Amino acid sequence: MNFIFLGPPGAGKGTLAKEAAKAFNIPHISTGDIFRENIKNGTELGKKAKAIIDAGGLVSDEITIGLVKDRLSQPDTANGYILDGFPRTIPQAEALESFAKIDAAVNFDIADEAVVERLGGRVCCKDCGQMYHVKFNPPKVEGKCDKCGGELYTRDDDKTESIQNRLVVYRKSTAPLIDFYKEKGNLVDIDARPAPEKVLEEFKAKFKK
Ligand code: ADP
Ligand code: ADP
Ligand code: ZN
């Protein structure tokens with residue numbers, strides 16, 4: 001199946017996507033991860049995107065659509081994929097229609113207060129990108145990744161001003177996608193409030209895996 005994960009920043013999209021991708025044996029494609037990889041490697045794309053991302057804005061539709069179109073042309077997407085963090089605007093969703101067939105738009109249902117708390121405590125691994133939460137999902141050893149031993153850091157866009165800006169951007173540019181996919185008849189709501197294991201269970205039950 002071809003999934004898109006829709007929801008506010010910090011809703012737990014990446015956390016569920018990693019586990020669901022394993023369970024369904026399909027790739028997890030995160031535009032945020034692709035941008036961060038480019039920033040880390042100092043590519044032209046990374047240089048263009050960094051200031052926008054740190055401020056909590058959106059990278060241009062043109063750049064982002066091109067990136068996703070290219071990624072979806074790779075052979076590993078033939079049996080399905082999870083698109084996490086794309087589309088984020090109506091033009092992106094419309095462009096996606098022209099080169100992909102989406103089976104389900106999974107909408108993460110959660111209140112703003114909860115996402116602010118999740119983003120405020122998020123730390124990520126510098127080496128493998130795995131995310132943790134200082135309170136809800138702490139690493140076994142403080143500051144170190146359980147999976148690879150890499151150093152954990154706080155993303156620049158997880159500092160307070162950027163968090164508020166991202167929520168404003170989400171309401172204005174991304175939330176309209178909920179109606180877009182509802183009208184197409186492939187919106188599936190998921191309760192994003194419970195612990196990660198519960199959210200994964202609900203996801204598996206809904207999509208029978
Ligand atoms: P979060 O997990 O907080 O929702 P992501 O890792 O998905 O954030 O994305 C980080 C940042 O990368 C976004 O705030 C935005 O600046 C940029 N970005 C990611 N996906 C898109 C997209 N589809 N369109 C435009 N910008 C994007
Ligand atoms: P998104 O990709 O939607 O921005 P993440 O998956 O990165 O969200 O999760 C944001 C933060 O919340 C991370 O610190 C993560 O460890 C934590 N988190 C994710 N899912 C849950 C959950 N179900 N309950 C509590 N905390 C969670
Ligand atoms: Zn790691």
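Each residue, glycine too, has its Cβ placed from N, Cα and C.
Per TrEMBL, the features are:
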- GLY10, ALA11, GLY12, LYS13, GLY14, THR15, ARG122, PRO194: ATP binding site (BINDING)
- 30-59: region 'NMP' (REGION)
- THR31, ARG36, GLY57, LEU58, VAL59, GLY85, PHE86, PRO87, ARG88, GLN92, ARG155, ARG166: AMP binding site (BINDING)
- 121-158: region 'LID' (REGION)
- 122-157: domain 'Adenylate kinase active site lid' (DOMAIN)
- CYS125, CYS128, CYS145, CYS148: Zn(2+) binding site (BINDING)
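Known features from TrEMBL, placed on the structure.
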residue: GLY10; record: ATP binding site; contacts (Cβ under 8 Å, 6+ apart): VAL115, VAL116, ARG118, LEU119, ARG122, ILE163
residue: LYS13; record: ATP binding site; contacts (Cβ under 8 Å, 6+ apart): PHE5, GLY7, ASP84, GLY85, PHE108
residue: GLY14; record: ATP binding site; contacts (Cβ under 8 Å, 6+ apart): SER30, GLY32, ASP33, ASP84, GLY85, MET131
residue: THR15; record: ATP binding site; contacts (Cβ under 8 Å, 6+ apart): MET131, ASN137, PRO196, VAL199
residue: VAL59; record: AMP binding site; contacts (Cβ under 8 Å, 6+ apart): THR31, PHE35, LYS48, ALA49, ILE52, ILE53
residue: ARG88; record: AMP binding site; contacts (Cβ under 8 Å, 6+ apart): THR31, LEU58, THR64, SER173, THR174, LEU177
residue: CYS128; record: Zn(2+) binding site; contacts (Cβ under 8 Å, 6+ apart): CYS145, LYS147, CYS148, GLY150
residue: ARG155; record: AMP binding site; contacts (Cβ under 8 Å, 6+ apart): ARG36, ARG122, CYS124
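Here the domain 'Adenylate kinase active site lid' (122-157) is broken down by DSSP into helix, strand and coil counts: 2 helix, 12 strand, 22 coil. Listed in chain order, the extra residues whose Cβ falls within 8 Å of the Cβ center of the Zn(2+) site residues CYS125, CYS128, CYS145, CYS148 are LYS126, ASP127, GLY129, GLN130, ASP146, LYS147, GLY149, GLY150. GLY57 (AMP binding site) is 28 Å away from PRO194 (ATP binding site) when you measure Cα to Cα. For GLY57 (AMP binding site), the same-chain residues lying six or more positions away in sequence with a CB closer than 8 A to its CB are ASN165, VAL169.
By the rule that a residue counts when its Cβ sits under 6 Å from some atom of ligand 1, the binding-site residues THR15, PHE86, ARG88, PRO194 yield PHE86, ARG88. Shown for the region 'NMP' (30-59): DSSP residue counts in helix, strand and coil, namely 22 helix, 1 strand, 7 coil. Residue with the densest Cβ environment among the binding-site residues GLY12, PRO194: GLY12, by other Cβ atoms within 10 Å.
The Cβ of CYS148 (Zn(2+) binding site) has 12 neighbouring Cβ atoms from other residues within 10 Å, across all protein chains displayed. The average pLDDT the prediction assigns to the region 'LID' (121-158) is 96.
Filtering PHE86, ARG88, CYS128, CYS148 by Cβ distance to ligand 2 (under 6 A) retains none of these binding-site residues. Filtering GLY10, ARG88, CYS145 by Cβ distance to ligand 3 (under 6 A) retains the following binding-site residues: CYS145. Cα of CYS125 (Zn(2+) binding site) to Cα of GLY12 (ATP binding site): a distance of 16 Å. Its Cβ taken as reference, ALA11 (ATP binding site) is surrounded by 24 other Cβ atoms within 10 Å in the chains shown.
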